[in-house]
Amino acid sequence: MADIQILSPPNKKVKENIATEMVKRSSIQETYERVQSAIRIVSLVVFVGGRLLINTFPVILIAVLGCVYLHIAKKSNGSNMDSCDGKKHEATIWKRPVFVKGPLGIVSGTEIAFLVMFIALLIWSYAIYLQTGFATITPKSAAAARTNISVMKLRTAARRLGLVGNIGLGFLFFPVARGSSLLPLLGLTSENSIKYHIWLGHIVMIICTSHGLLYIIYWAITNQISEMLEWSKDGISNVAGELSLIFGLFMWIASIQRIRRKMFELFFYTHNLYILFIIFFIFHIGIPFACIMLPGFYLFLVDRYLRFLQSRQQVRLISARVLPCETVELNFSKGHDRLGVSVEGPYGPASTNYLRQDTLVLISGGSGITPFISIIREFIFLSTELKCKTPKIILICVFRKSSSLSMIDLILPISTIPYDISDLRLQIEAYITKDKEPQLNNQTYLQTKWFKPNPTDAPIYAILGSNSWLWLGTIISSSFIIFLIIIGILIRYYIFPIENDPNDTFSNPLKSFLHMLIICGSIVMVASIAFLLNKKHNAKEDKKIQDMEELLSEINGSSVGVLAAGPKKMRQEIATICSSGLAKNLHFDSISFSW
């Protein structure tokens with residue numbers, strides 16, 4: 001008969017020890033899980049946020065600091081404007097044109113040097129990418145992939161070429177951010193920078209097209225042509241890349257010089273496909289790799305939205321002059337009865353930059369005289385109003401027909417007060433290339449048309465007012481900080497819980513879409529607020545009554561008689577100003593029409 005052992009229940013002390021040990025184990029396990037979760041969060045933030053900050057933050061910081069620097073320089077130049085002394089400088093060898101013909105156009109030695117260095121950067125990057133990629137290709141890895149080494153090298157070469165194209169794309173949008181602070185910091189203007197955008201566009205499209213063709217060849221060799229229809233949820237999207245390349249090819253073809261000149265509207269509207277090009281490009285590679293091109297595109301987005309806001313409001317058109325050559329000059333206030341006009345800009349440098357030269361030679365062909373008219377008008381103002389010493393101006397203009405000579409009449413602006421330009425050293429030489437003799441029959445003369453202003457139209461203002469650089473720096477920094485805060489919260493409380501689930505993955509296209517949405521939303525919100533505040537300020541300035549004390553204090557003279565006639569309150573205020581002692585040269589006398 002077996003022994004039956006009856007176990008007595010544990011006593012109270014044993015129960016307490018077991019409970020204590022379980023509490024210790026659960027607390028340790030909970031701490032371990034928290035640490036593990038924190039490590040996952042940090043790794044996710046470092047992977048996404050680290051790339052974002054490393055690639056984007058330095059450029060954003062330089063742009064913001066550049067805005068502050070340009071604001072200080074603008075105020076400094078404004079305070080020294082009365083002296084009108086331009087520093088003379090000599091043209092260096094590097095700034096002189098080296099090539100004047102060819103596919104690059106007119107380029108200087110500095111531009112050639114930077115172009116060569118940029119191409120060298122791309123070649124060096126591609127060589128490094130190939131070296132690291134080919135190092136992992138061995139007979140063993142080829143056998144595991146059931147292919148040969150040459151095919152694997154072809155795939156590596158195609159993929160690394162895409163990485164090089166991403167580097168080129170990172171520079172593509174800097175030259176076309178017209179209001180960016182980076183261009184003036186480098187001594188560039190938006191007009192001069194267009195050719196850099198063209199060069200970069202050709203380079204990027206050559207690389208991206210080669211990248212796509214190599215992948216198509218690889219898929220055809222390996223019988224994986226169906227890969228062209230794949231849109232991966234957690235990897236590279238081939239369909240998005242193909243769509244991006246197609247939109248890029250449309251823009252590239254429309255930008256050919258012959259097509260652009262004959263069908264400019266086709267070129268202009270086709271170039272708006274850059275929006276779809278960038279969207280599908282980000283869907284193709286994902287946000288982590290898109291951070292390389294984000295800085296330039298971010299600054300371009302800020303600038304483009306501000307220009308969009310400015311062009312949506314109609315400006316006040318005062319008059320127009322119609323020349324015999326059918327050229328029309330429009331004069332705006334700084335509303336044919338209702339001619340709707342929207343304006344962007346200005347973007348070019350102030351003509352006072354040319355004060356540093358002793359002589360200016362302006363050579364124009366046809367309508368190319370237009371920018372020179374603005375420059376000469378600025379010099380007329382400086383010499384007549386500010387009594388500044390201006391350089392000698394030699395205007396050499398070439399026209400096809402003699403009727404186009406009337407464009408020279410536009411040098412003098414429309415004004416009820418005649419301009420005395422005797423102090424302006426201006427020499428004009430005009431040449432006709434087509435007409436053998438003047439057309440005397442059916443002559444038409446210059447016509448000036450004045451318009452009735454529309455109360456809803458506004459004068460032309462700088463989009464962000466007089467402190468535009470400070471406002472631009474505020475918009476860039478504030479929108480970027482808002483973007484970082486919102487995307488950080490989104491990653492922590494929405495993306496990370498899904499990424500942390502081993503049975504689920506967060507969609508890469510959705511992640512890219514959320515990043516793009518937040519970037520655009522933060523820029524639109526901050527830029528719109530800044531635009532509305534400046535618009536409100538400009539409206540107040542238009543309705544602002546002139547300060548009489550400021551007007552009287554600016555009058556020079558040893559003895560100035562001030563006669564006041566009008567309402568009693570106005571005469572009292574003027575008498576108070578004259579008797580305040582701030583301006584000892586003012587002598588008040590009141591004229592009253594009431595007894």
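Yeah, the Cβs are placed from backbone N, Cα and C, and that goes for glycine too.
Pulled from TrEMBL:
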| type | residues | note |
| --- | --- | --- |
| TRANSMEM | 44-72 | transmembrane segment |
| TRANSMEM | 112-137 | transmembrane segment |
| TRANSMEM | 157-176 | transmembrane segment |
| DOMAIN | 161-281 | domain 'Ferric oxidoreductase' |
| TRANSMEM | 196-218 | transmembrane segment |
| TRANSMEM | 239-259 | transmembrane segment |
| TRANSMEM | 274-302 | transmembrane segment |
| DOMAIN | 358-578 | domain 'Ferric reductase NAD binding' |
| TRANSMEM | 469-493 | transmembrane segment |
| TRANSMEM | 513-533 | transmembrane segment |
Annotated stretches the transmembrane segment (513-533) and the transmembrane segment (196-218) touching (3 or more Cβ pairs under 8 Å): no
Of 157-176, 196-218, 239-259, 274-302, 469-493, whichever stretch has the most CB pairs under 8 A to the transmembrane segment (112-137): 157-176
For the domain 'Ferric oxidoreductase' (161-281), the number of residues DSSP places in helix, strand and coil: 94 helix, 2 strand, 25 coil
Averaged pLDDT, computed only over the residues in the domain 'Ferric oxidoreductase' (161-281): 91
